[in-house]
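Worksheet for the structure shown next.
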Amino acid sequence: MLTKEIQIAVEKGEMLPLMEEFYTIQGEGYHTGTAAYFIRIGGCDVGCHWCDVKESWNAALHPPTKTDVIVENATKYAKTIVVTGGEPLTWDMTVLTQRLKAENLQVHIETSGAYPVTGAWDWFCLSPKKNKLPVAEAYEIAHELKVIIYNKHDFIFAEEQAAKVNKNAILFLQSEWSKKEEMTPFIVDYVMNNPKWRVSLQTHKYLNIP
């Protein structure tokens, strides 16, 4: 049971339920192949059945950590920070992003966009989910739209989402990992016939890195 003081700190973004943090090579989307420090925040109620980090869903399993400590750890590694989850926008990201930027770090987010946008982001990767669609602002500010393809019906969803996102967003299709053998050929064919899209692969899993 969290104390009232800790609950207030979490609500303000002075503390966040930190699941894990690690330095690695980005494996997906526009920044594939570049070094980045990942901050994974616990808590998500979007509930994708194919989620590969279901252990992140219950925020209560991840101890509230002072934002200053998270930032101090991040400064030891790359100049690019990726905030992911879970669903990081479940929480107020204002304090975290302010303090990361004060250290002259580039701050990226990977989000479903299902919650109001807080924080200041240098790169906003929107990965929408059918269960809980993005808020309007997420479509407006997204630098990158990454749609996960689990079955052929997801191509329809991808086009629906592409129609909502701003015209400058870069569009990616990425197979759900357990379906990669089945769906990747369809994705390749789709991108060749619809070249506004790009293929995203989970290269970190091929490289066996976090």
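Cβ coordinates come from backbone N, Cα and C, glycine included.
Look at Swiss-Prot and you will find Ile25, Gln26, Gly27, Arg40, Thr84, Pro210 tagged as substrate binding site. The feature [4Fe-4S] cluster binding site is assigned by Swiss-Prot to Cys44, Cys48, Cys51, with sequence analysis given as support. Residues annotated as S-adenosyl-L-methionine binding site in Swiss-Prot: Gly86, Ser127, Pro128, Lys129. If you look up Swiss-Prot, you'll see 31-210 marked as domain 'Radical SAM core', on the strength of sequence analysis.
Features recorded in Swiss-Prot, as mapped to the structure shown.
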residue	record	Cβ contacts under 8 Å, 6 or more apart
Ile25	substrate binding site	Gly33, Thr34, Ala35, Ala36, Thr203, His204, Leu207, Ile209
Gln26	substrate binding site	Thr32, Gly33, Thr34, Ala35, Ala36, Val82, His204
Cys48	[4Fe-4S] cluster binding site	Lys129, Asn131, Ile148
Thr84	substrate binding site	Phe38, Ile39, Arg40, Ile41, Ile109, Glu110, Thr111
Pro128	S-adenosyl-L-methionine binding site	Ser112, Gly113, Pro134, Ala138, Leu145, Val147, Phe157, Gln161
Pro210	substrate binding site	Phe22, Thr24, Phe38, His204
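In this structure the C-alpha atoms belonging to Cys51 ([4Fe-4S] cluster binding site) and Gly86 (S-adenosyl-L-methionine binding site) are separated by 9 Å. Look at the binding-site residues Cys44, Cys51 and count other Cβ atoms within 10 Å of each Cβ; Cys51 has the fewest.
In this structure, the CA atom of Ser127 (S-adenosyl-L-methionine binding site) is 14 Å away from the CA atom of Cys44 ([4Fe-4S] cluster binding site). Overall, the recorded substrate-binding residues Ile25, Gln26, Gly27, Arg40, Thr84, Pro210 cover a maximum inter-Cα distance of 15 Å.
Using a 10 Å Cβ-Cβ cutoff, Lys129 (S-adenosyl-L-methionine binding site) registers 20 neighbours.
According to DSSP, Ser127 (S-adenosyl-L-methionine binding site) sits in a coil region rather than a helix or strand. The two recorded residues, Gly27 (substrate binding site) and Gly86 (S-adenosyl-L-methionine binding site), have Cα atoms 17 Å apart.
Cys44 ([4Fe-4S] cluster binding site) sits 5 Å from Gly86 (S-adenosyl-L-methionine binding site), taking the Cα positions as reference. In sequence order, Phe22, Thr24, Glu28, Ala36, Phe38, Val82, His204 are the residues of the same chain, not among Ile25, Gln26, Gly27, Arg40, Thr84, Pro210, whose CB sits within 8 A of the CB centroid for the substrate site. The average pLDDT for the domain 'Radical SAM core' (31-210) in the predicted structure is 94.
For the recorded site, Ile25 (substrate binding site), the DSSP three-state label reads strand. Arg40 (substrate binding site) falls within a strand segment according to DSSP.
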